[in-house]
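What TrEMBL annotates here:
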| type | residues | note |
| --- | --- | --- |
| SIGNAL | 1-25 | signal peptide |
| REGION | 33-53 | region 'Disordered' |
| COMPBIAS | 43-53 | compositional bias 'Basic and acidic residues' |
| DOMAIN | 76-111 | domain 'EF-hand' |
| DOMAIN | 159-194 | domain 'EF-hand' |
| DOMAIN | 196-231 | domain 'EF-hand' |
| DOMAIN | 276-311 | domain 'EF-hand' |
Amino acid sequence: MSKSNQSLELYVFVLVVVTLASVHCSAIPDKKQRVQDKPLSSEPHEVHGEHNPDYDHDAFLGHEEAETFDQLSPEESKQRLSIIVDKIDKDRDGEVTEAELKEWIQYVQRRYIVTDTDRMWKDHEPDAENTLTWESYQKRTFGYSDDPVEGSPTFEYKDMIQRDRRRWHQADKNGDGKLTKEEFQDFLHPEEAEHMRGIVVDETLEDIDKDGDGYISLQEYIGDMWPRSAEEEGQEEPSWVKSEREQFSNYRDKNKDGKMDKAEVMDWIIPHDYDHSKAEAKHLIFQSDVNQDGKLSKEEILDKYDLFVGSQATDFGEALTKHDEF
């Protein structure tokens, strides 16, 4: 896979797994609700063909943590990052390899999922049997446990409730109508569970498929990435949009029928041959490896600290703004 394709796939992954943690909370969620679990970034990886630094900062720090990190001085940032580098360098040879960086990023991903599930589990107050009922979840999330029928206070959120309930049933492995903490984790983070990935596809398809025909056309594909305002209509489209049209025709639409079906959407958003943590590790090394020996010294990392504090490797900013890593 080419570098441009890897970058695009990582961007796709980000779009798919952005904001479910903020969606499933006690406040009524926004009406647009794709399967978006891990708060990576709503920012594109590239803007007008150029790398977008906000992608790293928002995507891998999280918006709130990124704002917190912005308050740190460069000196303090480097000092704290230096401690993290020592943790990543497991064999203590003074060099961070791609394998060590990938392992750290995977650890960070796992820890975020566990921590987020713990927080949400406590927030939803499981019952005495340490399970969570659908009624309890719906009331906590949408304010009422009523069925979303006309005249009900939940009717306004009918589509969202139905989508959540469908995901709930898929996560409920034993079919008892309640979720254990493990099942609740699959509900919150479906892209991490094999039996939940169909939900990722269904919800993505529903969001982008504007005409409801069960497919994603080229127009719908581009429109989701580049929704133009009335003022922009008629203007020449940017080069990156033209590139996306080529991506759709050459890579997304595998059977060349002019649209993406469910299988093609699955290959797009959850490619089986793409390792996101490896891609991020390669990205960091490529951007920082001054002597091009394929690994990073602490000096090389600290010289590019602004890249790393915007990277998943720094634990969404927590490793730099909290004390648990020190």
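Just so you know, glycine gets a Cβ as well, placed from its N, Cα and C.
TrEMBL annotations: computationally assigned, not manually curated.
Between the domain 'EF-hand' (276-311) and the domain 'EF-hand' (76-111) there are at least 3 Cβ pairs closer than 8 Å, counting only pairs 6 or more residues apart in sequence, which means the two stretches are in contact.
Sequence-distant contacts of the domain 'EF-hand' (196-231) (same chain, six or more residues past either end, CB-CB distance under 8 Å): 16, 32-35, 44, 163, 166-167, 170-171, 186-187, 190, 237-238, 241, 244-245, 248-249, 252-253, 258-262, 265-266, 269-270. Taking H, G and I as helix, E and B as strand and the rest as coil, DSSP gives the domain 'EF-hand' (159-194) the counts 25 helix, 2 strand, 9 coil. In the domain 'EF-hand' (76-111), helix, strand and coil residues by DSSP number 27 helix, 2 strand, 7 coil.
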